[in-house]
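**Student:** Before I ask anything, let me first share the structure, which is written out below as structure tokens.
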Amino acid sequence: MYGIEYTTILIFLVSIILINYILKSITRIMDYIIYRFLFVVVLMAIVTSAQNYGVNLPITGSMDTAYANSTQNEPFLTSTLCLYYPIEASNEIADTEWRNTLSQLFLTKGWPTGSVYFKEYADIAAFSVEPQLYCDYNIVLMKYDSTLELDMSELADLILNEWLCNPMDITLYYYQQTDEANKWISMGSSCTIKVCPLNTQTLGIGCSTTNPDTFETVATAEKLVITDVVDGVNHKLDVTTATCTIRNCKKLGPRENVAVIQVGGANILDITADPTTAPQTERMMRVNWKKWWQVFYTVVDYVNQIIQAMSRRSRSLNSAAFYYRV
């Protein structure tokens, strides 16, 4: 009888020892697998230089795009400068070597040959359709025209500020602007924008939601339109979508690597939407209208002072993203 009890106790103790040994063996094997896996992951991360992107992604409709830039932090010596000018400037100068001449003059101000790029555009309307600013510093020359004041101010507002934009499905949804920074930006070969404000019952205020002819017209056949309506009120929109793209945009703040030089005109254009604030003229400058050679000489002479009012950056305005990023 006692022999059976001793045997049972012995078997129980041996079982405990065996189970303990098995568990320790499993633990060592799992530790080996886990540590080896982590080692491989770390090694692969170092080799591939992988970046882990979180779920908080930026709005995909941003008109900004990152681009590779080999310049250093030293001002002027290795930065790039883009100078945008209307085609009438080169037509008036009528000299095939005038850009080389300007490059040599910029060299006297500390800008190495090859660091200054000359970008030509047809006119304000054409430039408004798809402005693209790629350099560390961008200076846009706009000749003043009293008949194009609104177009010039809207273009300046677009390129002097950073915007985040989302697509708008105006056939299915009503839209409202939440605050002063919220605007609807339209670009295309011909943009006609009509709006119908709605009351709390989604009935038109002074218009019929089913009849676009009763909508209020805020823009007709324009290339660039920045629409500002009453904040906090839903609107039904009618847009010439075949020739125009509209986006719901939020102004983030100044794009400090861009400056606009107004050529001619009595006063600098005010691009402030709020009539109760002081005119927004940051990085808006003016030179007297003479000959285009005189304009370029003035820019060269004051280029470093102009740059001091700006901030270098390595992101560009690429409005192609306005059309294709959704």
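From the backbone N, Cα and C atoms, a Cβ is placed for every residue, glycine too.
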**Student:** Just confirming the record: what cysteine out of C191, C207 does Swiss-Prot connect to C196 via a disulfide?
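**Tutor:** When Swiss-Prot is consulted, C196 turns out to be bridged to C207.
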**Student:** Per Swiss-Prot, which one of Q104, Q132, Q177 shares the Ca(2+) 2 site with D228, V229, D231, D301?
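**Tutor:** Same Ca(2+) 2 site in Swiss-Prot: Q177.
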**Student:** Pick out which of C165, C191, C244 Swiss-Prot lists as the disulfide partner of C249.
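**Tutor:** Swiss-Prot says the disulfide from C249 goes to C165.
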**Student:** Looking at Swiss-Prot, D95, T214, E216 are annotated for Ca(2+) 1. Which of G110, G206 sits in that same site?
**Tutor:** G206
**Student:** Under 8 Å between C-beta atoms and at least six apart in sequence, can you list the same-chain neighbours of Q177 (Ca(2+) 2 binding site), or say none if there are none?
**Tutor:** K183, W184, D228, V229, V230, D231, G232
**Student:** Using the alpha carbons only, what distance in Å do you get between C249 (disulfide bond) and E216 (Ca(2+) 1 binding site) once rounded?
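**Tutor:** Per the Cα atoms, C249 (disulfide bond) and E216 (Ca(2+) 1 binding site) stand 21 Å apart.
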**Student:** Do you know offhand how many angstrom separate D301 (Ca(2+) 2 binding site) and C196 (disulfide bond) by C-alpha?
**Tutor:** 50
**Student:** Just name the most isolated of the disulfide-bonded residues C82, C191, C196, going by other Cβ atoms within 10 Å of its Cβ.
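**Tutor:** Comparing Cβ neighbour counts within 10 Å for the disulfide-bonded residues C82, C191, C196 gives C82.
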